[in-house]
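For reference, Swiss-Prot has these:
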REPEAT    118-158  repeat 'WD 1'
REPEAT    170-210  repeat 'WD 2'
REPEAT    220-260  repeat 'WD 3'
REPEAT    263-303  repeat 'WD 4'
REPEAT    307-347  repeat 'WD 5'
REPEAT    364-404  repeat 'WD 6'
Amino acid sequence: MATIEDGTSEDRVANDEYKIWKKNTPFLYDLVMTHALEWPSLSVQWLPEIEKESSDHTVHRLILGTHTSDEQNHLLISKICMPTDEAQFDASRYDTERGEFGGFGAVNGKVEPDIRINHEGEVNRARYMPQKPTIIATKSPSADVYIFDYTKYPSVPKDNTFNPLLKLKGHTKEGYGLSWNPNKEGLILSASDDQTVCHWDINGNAGANGELKAREIFKGHESVVEDVAWHVLHDGVFGSVGDDKKLLIWDLRTNVPGHAIDAHSAEVNCLAFNPYSEFILATGSADKTVALWDLRNLRLKLHSFESHRDEIFQVQWSPHNETILASSGTDKRLHVWDLSKIGEDQTAEDAEDGPPELLFIHGGHTAKISDFSWNPNEPWVVCSVSEDNILQVWQMADNIYNDVEDETPADMVERS
């Protein structure tokens, strides 16, 4: 059992590591923006549209949620100004007044809520529909999935009324997993602590009270279902993972899984299908590893990515690079992996830093990372949020992913 002293020394270590990280940011990043949110967000996702306001910055939008103590919770559409290539960005610039660093021209990386929508309980997860990004689904501490069209709400709520477009019924407990079908508009899957996956078509006829019953309820897991994801290319295929350590592959046309794999040695918390390859997917687990799978032969794990020091809760493929994958979780780190480097020769010194496929470690958070999102418009730009209210937008230095020999002398970069 952890004592108070343990917690304090852990905080001290995290703080020391953060100081080293901050000192090294000019060498490691082309962009770093840190913002303290009013409340922690358990979820983050970039919206796909951007606005170019001037030659030196563009306006991007993020879907966030709140996790308040006892106050009203909100689903948030927030805007953030991002530098263009013409802007001069200084990753080392620190604003003591704001407690933020990173700046360029008149833009300081501030995240400003554009629209606040009342939400019942904290927002466990929020994801937009790919075919119509103004439609957002959320998971909360209730068993229901809520659907909103954010264009139908004022920028600030007039009162505390909770008024989603739809309430999707089918679960008996809360959960986190949520996935819109990338090929068929309106189809959505949800995973729950009740050991099931529910499937809805939001184009269906809802009742007068705005409630819509699940079209199918899939039962195959023997414990909590942690995550669910549609296959990116096959519109009727999806995967689910859970605390029973299993990966299940399903087809909508049948109510039993086509494949059931013992995927990890502990709970499986997340999965993601590769957007470029119809056979490749990744799973992340409490066993501290990310596993790589080939749907053509699920009996054999293709590869195990090992470098995290604690449970993994998120895994996501880059939307721009077929071989790039990122993972994050309880160890406060976000790891970026490059599949093309698996098996490359390493010096003993390099091996101490991790396997050859470990491209980058983002060490800017001092608490568990709750969620992250790859920017769909800006390659290599990531937004990550942690339990201590911190939101960071960052991009690793291009000499890291361009395989250019690092010009920073090794003795100038401190090790954490």
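From the backbone N, Cα and C atoms, a Cβ is placed for every residue, glycine too.
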Exercise. How many of the residues that make up the repeat 'WD 4' (263-303) does DSSP mark as helix, as strand and as coil?
Worked result: 0 helix, 19 strand, 22 coil
Exercise. Under the DSSP assignment, what numbers of helix, strand and coil residues are found in the repeat 'WD 6' (364-404)?
Worked result: 4 helix, 19 strand, 18 coil
Problem set entry | Contact ranking winner - 118-158, 170-210, 220-260, 364-404 against the repeat 'WD 5' (307-347), Cβ under 8 Å | 364-404
Seminar exercise, completed: Comparing 118-158, 220-260, 263-303 for Cβ pairs under 8 Å with the repeat 'WD 2' (170-210), the winner is 220-260
